[in-house]
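Chemist: Sharing a structure here in structure tokens format.
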Amino acid sequence: MTERELWERYQRYLCVVPALDFTLDVSRMRFPADYLERMRPRVVEAFDAMEALEQGAISNPDEQRKVGHYWLRAPERAPEPALQKEVTDTVAAIHAFAKDVHEGKVKPQKAQRFTHVLIVGIGGSALGPQLVADALGTAKDPMQVSFFDNTDPDGFDRVLAQLGGRLAETLTLVISKSGGTKETRNGMLEAERGYSAQGLDFSKHAVAVTGAGSELDSHAKKQGWLRTFPMWDWVGGRTSVTSAVGLLPARLQGLDIDALLKGARDMDAATRERDALKNPAALLALMWHYAGDGRGHKDMVILPYKDRLLLMSRYLQQLVMESLGKETDLDGQVVNQGIAVYGNKGSTDQHAYVQQLREGVLNFFVTFIEVLKDREGGSQEVEPGVTSGDYLLGFLLGTRRALYEKDRESLTLTVPDVSARTLGALIALYERAVGFYATLVHINAYHQPGVEAGKKAAGVVLALQGKLTARLREARAEARTAEQLAADIGMPDEVETVFKVLQHLAANPDRGVERTPGATPTQARFRAK
Ligand SMILES: O=P(O)(O)OC[C@H]1O[C@H](O)[C@H](O)[C@@H](O)[C@@H]1O
């Protein structure tokens, strides 16, 4: 197509949300003229399914759960008055608690004021808070935020070392919907140890966000933590950023959570529109479907031209891949669905992988995110009449054109700024697009059965380690190979796992296992020290 024809196509398909100053441009997707018409029956089905979901249907059939994240931004739409009240009461409680913390009414054990927040969580209990904190945070925020989002010992040490003596002024939020996630439990225990090492009582610095009656809920109550905020079974982890999971950290950081909610609410309103061409979430889902033939054949590359949106791709990775990456469809047929998501930011990536995007394997489509506002205040000129921000736009348009010339398709989202309102809108847009896409390809977007397998297998490894260390203690000074030890504990077929566990224990001197090299690495001998 010529530039003129593209301009026509741009105007024809431009999807605008005036209330948010938001546009979605699909002109650089080469879908045929009749594509949207052909998809109409499935789109109608997707709109119907979404309406039923918002009205409180059991839209997550495997777990027999309602899916209510949209009610978090519009409590009046929740199907039961009790739910509405829980949502509004929780937002009010978050405001009141954060105010008390900022004013020093809720204060730490041995300092005047809380100045830091340490968030302990993983997956949906960390990615949303991380995105919001990084996108909207400033050096002037009343509280700075750090994260424990793994069970990496060195990761814990690094964050604690950065906090140093300021741990005394740090409020720790332990966030877990289920309240039983091991990485988060470990992070909590490691944080507790950090406070104790400084002569501080963890419970006087700790707040939980979790489901009522969970392990974490009971623990927090028993230990007399400062406070607990609720999570509900009708909010999925990866869509929980507009619940206490995302709102509490953001409000403590000093961010405008009402604007975040308003942005999401306005996008929700725009994405209830039943004309797909006027509904950015429906159009987005249709473009994903077109790009990957409804089979996820093309990866979604997220390229925000703004440093503050760097974590968007990581956030969307969970939202999209955990929702859409499914073995079976709603009828139990094996479909192995999904869309792979990756990305970082432009123009930085132009100096990294954009080479492959332009010339290499054609297995992707790009989503450009354009932010109109350059910065707070004015910009200097880096060349006569040209600012750094002009360069950023130039690189976006240049890369988009260079890709299009080589038949590489792209979508462009344009937003006015990176504000709480805009971020809320982007989050809501993708939540809804994922929901629509799931109906287009007939899968349940709201469960994650595949995640459990890895967790169970990890449990088996730790149980094996218990047997192994008991056996090593029994064998005392006698050094034995992994083969021998696997046979000793009655698990000869698990010899590789036995070897890996021994190798790890021996590499960490405090674990009491000594390794004597053998003719090959796997013939090494191990004994208790
Ligand atoms: O919030 P939690 O219950 O601790 O769960 C944290 C994460 O754990 C699991 O692995 C799920 O797959 C994620 O969807 C979830 O966000």
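Each Cβ is built from the backbone N, Cα and C atoms, and glycine gets one as well.
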Chemist: Looking at the ranges 170-189, 510-529, which is given as region 'Disordered' in TrEMBL?
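Modeler: Per TrEMBL, the stretch marked region 'Disordered' is 510-529.
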Chemist: Which one is it: of the active-site residues Glu322, His351, Lys455, which Cβ has the fewest other Cβ atoms within 10 Å in this structure?
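Modeler: If we count Cβ atoms within 10 Å for the active-site residues Glu322, His351, Lys455, the smallest count is at His351.
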Chemist: Measuring Cα to Cα, how far is His351 (active site) from Glu322 (active site, proton donor) in Å?
Modeler: 29
Chemist: Determine, to the nearest whole angstrom, how far the Cα atom of Glu322 (active site, proton donor) is from the Cα atom of Lys455 (active site).
Modeler: 15
